[in-house]
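Colleague: Next up is a structure, given as structure tokens.
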Ligand code: GLP
């Protein structure tokens, strides 16, 4: 995988937004896989700014969701569907018709998982999948020891992830759903380009294990090592435990500009 170390979250957002803009110039109806959490917000802000400035036309873009809580009432503001509509779909000037995601309130959740997995394939596959990373190394909601071949399915959150996400539920652990739907690791690996962004010191251990550790299901993000086009963008704090940081800096500094991300 390629590791790109940038000074801060704003620079990361601009770099990845530019990669998304370049994709949309090549393929206007690209299927963009988006992630929730705080980390990708600078990307969405930078991409919306490019659209507002007329630097890129996103009017034909399609947006696919990575994961979802199970059991929140439809329209709950912290459902990932509502979050992605608010943070990505609306700011890009798209309508809900451009959006696809798993149905976390379905009566038959397992069937909803399988339907979403198939829908991604029928839509032609994800062109660029954005990923954040949990402090325990999860991607989407694939918690440690998820099968590296897994498909979209129901998962149970770890205590760590429940605690990490309680901030979106007024800090009340009891309000955080225990179950989720997530694209599986096998599903995620089918996207044509994976871009994982991690910022802040709290992600440094997970980033080091992802990039320099062995491929192991106990660190789900390490599966990116199996993908032919995976880019890991980190700020200095998140890069602070990488032994090969200087090599990654040297490689990126000497990369021909036309190669992009
Ligand atoms: C949740 C999401 C992940 C996200 C993670 C990290 O668990 N399911 O997709 O990467 O949070 O969030 P943050 O970027 O806020 O640290």
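Each residue, glycine too, has its Cβ placed from N, Cα and C.
Annotated active site, proton acceptor per TrEMBL: 67, 138, in sequence order. Per TrEMBL, the feature active site, for ring-opening step maps to 136, 143. The domain 'Glucosamine/galactosamine-6-phosphate isomerase' annotation in TrEMBL covers 9-226. Among the features that TrEMBL reports, site 'Part of the allosteric site' is placed at 146, 153, 155, 156.
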Colleague: Taking Cα atoms as reference points, which of the recorded positions 67, 136, 138, 143, 146 is nearest to residue 156 (site 'Part of the allosteric site')?
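Modeller: It is 143, whose Cα lies nearest.
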Colleague: Does any of 67, 136, 146, 153, 155 have a Cβ within less than 6 Å of an atom of ligand 1? These are the recorded positions; tell me which, or none.
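Modeller: Checking each Cβ against ligand 1, the ones under 6 Å are 67.
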Colleague: So if I measure Cβ to Cβ from residue 138 (active site, proton acceptor) and keep only same-chain residues at least 6 apart in sequence, which ones fall under 8 Å?
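Modeller: The list for residue 138 (active site, proton acceptor) reads 144, 146, 161, 220, 221, given in order along the sequence.
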Colleague: For a quick check of understanding: among the recorded sites 146, 156, which residue's Cβ has the most other Cβ atoms within 10 Å?
Modeller: 146
Colleague: What are the non-local neighbours of residue 67 (active site, proton acceptor), defined as same-chain residues 6+ apart in sequence with CB under 8 A from its CB?
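Modeller: The list for residue 67 (active site, proton acceptor) reads 36, 80, 102, 140, 141, 180, 181, 182, 183, given in order along the sequence.
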Colleague: Pop the Cα-Cα gap between residue 143 (active site, for ring-opening step) and residue 153 (site 'Part of the allosteric site') into the table, whole Å please.
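Modeller: Residue 153 (site 'Part of the allosteric site') and residue 143 (active site, for ring-opening step) have their Cα atoms 12 Å apart.
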Colleague: What's the number of neighbouring CB atoms sitting within 10 A of the CB on residue 153 (site 'Part of the allosteric site')?
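Modeller: Within a 10 Å radius of the Cβ of residue 153 (site 'Part of the allosteric site') lie 22 other Cβ atoms.
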Colleague: Quick one: pull the CA-CA distance for residue 136 (active site, for ring-opening step) versus residue 155 (site 'Part of the allosteric site'), whole Å only.
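Modeller: Residue 136 (active site, for ring-opening step) and residue 155 (site 'Part of the allosteric site') have their Cα atoms 15 Å apart.
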Colleague: Cβ atoms within 10 Å, counted per site: which of 136, 143 has the most, among these active-site residues?
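Modeller: Top count of Cβ atoms within 10 Å goes to 143.
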Colleague: Distance check, please: Cα of residue 155 (site 'Part of the allosteric site') against Cα of residue 143 (active site, for ring-opening step), rounded to an integer number of angstrom.
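Modeller: Between the alpha carbons of residue 155 (site 'Part of the allosteric site') and residue 143 (active site, for ring-opening step) there are 8 Å.
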